[in-house]
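J.: What follows is a single structure, and I will ask about it in a moment.
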Amino acid sequence: MGSIDEEVSLLEAEESLIQEELKLYAEDGSIDIYGNPPLKQKIGNWKACPFIFANECCERLAYYGIAKNLITYFTNELHETNVAAARHVMTWQGTCYITPLIGALIADAYWGRYWTIACFSAIYFAGMIALTLSASVPGLKPAKCIGSLCPPATTVQSTVLFSGLYLIALGTGGIKPCVSSFGADQFDKTDPSERVRKASFFNWFYFTINVGAFVSSTVLVWIQENCGWELGFLIPTVFMGLATISFFFGTPLYRFQKPKGSPITRVCQVLVAAYRNLNLKFSEEYHTHLFETWDMSSSNTGDCKIEHTDGYKFLDKAAIISEGEAKSDPWKLCTVTQVEEVKIMLRLFPIWASGIIFSVLHSQIYTLFVQQGRSMRRTIGSFEIPPATLGMFDTASVLISVPIYDRIIVPCVRRFTGLAKGFTELQRMGIGLFVSVLSLTFAAIVETVRLQLARDLDLVESGDTVPLTIFWQIPQYFLMGTAGVFFFVGRIEFFYEQSPDSMRSLCSAWALLTTTLGNYLSSMIITVVAYLSGKDCWIPSDNINNGHLDYFFWLLVCLGFFNIPVFVFFSVKYTHKKV
C-alpha cells in the first residue's frame, strides 16, 4: 500500500507542478509572435503597453494637429465661409469615425489587430504627406487675398487637399478600433489580477491620447498660425512616422489574438435563419432543453461562455446545438453562441445610440467654440492667442483628471460600491453626459454676455472683436475634457467588456460610429438652423456678432438634457453580462 500511496502522491505532485507551470502562461487563447502561449512574466501585460501608448500618443498628435485648427485653415487659407468650413470639418471628422467599421471587419475576420494597425498606418502616413504638400507647394493652394478679393481653391487644389484628408480618414479607420482592443488583449481575462490592470489600462490609454492632443492644441496650433501651415502640417507627418516605428518596436512583447471569422456574416446568418424559421413551432419544454444543454465546444469562436438570456426569443429559432448541422446550412441553422452574440448587439444598441448627442456636444470644441473665441479679446501684451489653442484646456483637464480618477476617486468610491473599478461603466458614462451639458451651458452663458457687449459697444455691424477675454472659454473646454474622461473611457471599456470575443474590434468601431453620427448630425443641425433662421441667421457666414450663436448653444443644451433621462432609462434596463 505504501508504494501505491507514494505513486499517488507523486502523481498529485506532478499534476500540481503542471498546473503551476500552466499558470505561468496566458490562458485566454492568445499567442506570442512565434505562435506559442505567451509567458506572462515576459510577454504582454504592462511590458507591451509603452509601445502601444507611444503609438497612440504620436498618432493622436498627428490627428489633432490637423483637426484642432482645421476650421481656421478652411476659413483663412481656402477662404471658406464659417458655415461651409464647419460643415467640411464635421463631415471629415465624421468620416474618420465611420471608417473604423472597415478596419474592424478586416481585423476580426482576416488580418488580426496587429497587421490591420500596421497596414492602415501606411495609408495614414500617405495621407499626411499629401496634406502637407497641399499646404506647401504654391500651385496646390489658393493665392492670398487681395483686399476683399479672395480667390477660391481650384479643382486640382481641392482634390489634393481632400485626397489627403480622406486618406487620413481611411488610415485612422484601421487604427482606432484596433489599438485599444489590442492593448487590452495584453491582459489575460482569466487572471483576476490582470483584469484589474486592464481596467487601469483604459484610463492611461485615454491619458496618452490627450498627451498628443495637448501638444497639438498648444505647440502645433501656434506654429500653424505664426510659422505657417507648411511646418504646421509637416510636424504631425513626422510624428505619424514615429507612431508606426514605435508600434513595430514592441512586436516581440505583444500577445496576439487570432482572427475568428467575419462577425457581420455571423450576425447576418442569425437574422436570415431566424426569418426562414419564423413559422416553425416548438414547445416551451424543447426551448428550455435546447438552451440548458448546449455546449460551447460546438462553437468555433473560442469565446468564453455567454450567458443565455430570454429576450428576443424570435432569434432562438435560428439556434441549434450541433455544430455539424450548422455547417450544413449556416444560413438556416446557427449555433446558440451566434444567437446570443446578436442578442448582445441588440441590447447594446440603446446605450450606443445615447452617445450620438454627446458627440454632437463634444464636436463643438473643434468648430463653433473656435469661432466664438476668434471674436473675443485674444491678446496678452503683444502676443495674440490662436483661438484653437484654448483646446489645450480640454486636454489639460484630461491630463489632470485621469491620475486623480485612477489613484484617488476609484479607491474612495470602491469603499462604497464594492467594485474594483469604483463606478460601473454605465455610471461613468452617465456622469460624462451630465458634465457635457454643463460645458455647453457655460458656453451659452459666455456667448450671451459676449453678444450683449457687442450690442452695447455698437460692434454688431462692424464685427470687431468684443473686449471680453478669451479666457472666459476655459471652463467650457475644461468641463468638456472632464466629460470625456468619464464618457469616452467608460464607453471604451463597456463595449470591450460586453462585446463577444469574436466581435471586439467591430464593437469598438461601432462605438466610435456615434462620433460619426454626432458630427453628421451637428453638421445637419447647423445647416437646418442657418436655413430656418433666414435673414437673422443664428450662425452668420462671417460676422457672428450679427447672429445668435447663443441660441444655437442653448438648443444643444436642451438636446443634452433630453438625452440624459433616455440614457438612464436604458442603463437601468441593461442586464446582460458575460460569464
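Using N, Cα and C of the backbone, Cβ positions are placed for all residues, glycine too.
When I checked TrEMBL for this same protein, it listed these features:
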TRANSMEM  114-134  transmembrane segment
TRANSMEM  204-223  transmembrane segment
TRANSMEM  229-250  transmembrane segment
TRANSMEM  348-369  transmembrane segment
TRANSMEM  389-410  transmembrane segment
TRANSMEM  431-450  transmembrane segment
TRANSMEM  470-489  transmembrane segment
TRANSMEM  510-531  transmembrane segment
TRANSMEM  551-572  transmembrane segment
J.: Which bits of the chain, at least 6 residues beyond where the transmembrane segment (389-410) starts or stops, bring a Cβ under 8 A of a Cβ in it?
T.: 64, 68, 200, 203-204, 206-207, 209-211, 213-214, 216-218, 221-222, 365-366, 369-370, 373, 421-423, 470, 473-474, 477-482, 484-485, 489
J.: Could you name the stretch, out of 204-223, 229-250, 431-450, 470-489, 510-531, with the greatest number of CB pairs under 8 A to the transmembrane segment (551-572)?
T.: 431-450
J.: Residues of the same chain, at least six outside the transmembrane segment (204-223), with any C-beta under 8 angstroms of its C-beta?
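T.: Same-chain contacts beyond the flanks: 49, 52-54, 56-65, 68-69, 180, 183, 231-232, 235-236, 239, 386, 388-392, 394-396, 398-399, 402-403, 406, 481, 484-485, 488-489, 492.
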